[in-house]
Amino acid sequence: MVSKVALLLAVLVCSQYMAQGVYVVSKAEWGGRGAKWTVALGNYLSYAIIHHTAGSYCETRAQCNAVLQSVQAYHMDSLGWPDIGYNFLIGGDGNVYEGRGWNNMGAHAAEWNPYSIGISFLGNYNWDTLEPNMISAAQQLLNDAVNRGQLSSGYILYGHRQVSATECPGTHIWNEIRGWSHWSG
């Protein structure tokens, strides 16, 4: 009887997981530090802003964990931010990694932070290659954001360079996202 209950619970958990879509590697799983503080982020946001970290690229989970820890250390220790700046990050391994996560305001696009989620690709996409699994992960994450009510269904997608004087998100990402359905020029 206990095994049947356990099996039923496992099926329900898996069904819930599948309904939410893309798997997000938690901050604890990649060895991130807890935030010093958080600011709540509203629901049904109007914007998603795409970035690149302009740093090291990673191809494996272990490499991505190390890069994430480095980005977080730079943001917290050098810039004095309470946490890594982005809500989510995507590695060359195709995984989505938790940054500030859902419902916490990021520090990725100045005055746009209260109205947007920030998604960053690990690497410098002026020369690093954007792989199909990374594109798929980003699109699934955006769909999840709409399904969970974090983004409005009519959200607008911008590259960071559209809201700030920067090369971010790099030429390769810039060329890719301009073909996505929610992108606005």
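Placement of Cβ uses the backbone N, Cα and C atoms for every residue, glycine included.
Among the candidates Cys64, Cys168, the residue that Swiss-Prot annotates alongside His51, His160 as binding Zn(2+) is Cys168.
Distances between the Cα of Tyr86 (site 'Important for catalytic activity') and those of the recorded positions His51, Cys64, His160, Cys168 are shortest for His51. Within 8 Å of the centroid defined by the CB atoms of His51, His160, Cys168, the record's Zn(2+) site, lie the Cβ atoms of Ile49, Ile50, His52, His108, Ala109, Ser120, Gly159, Arg161, Ser164, Thr166, Pro169, Gly170, excluding the listed residues themselves.
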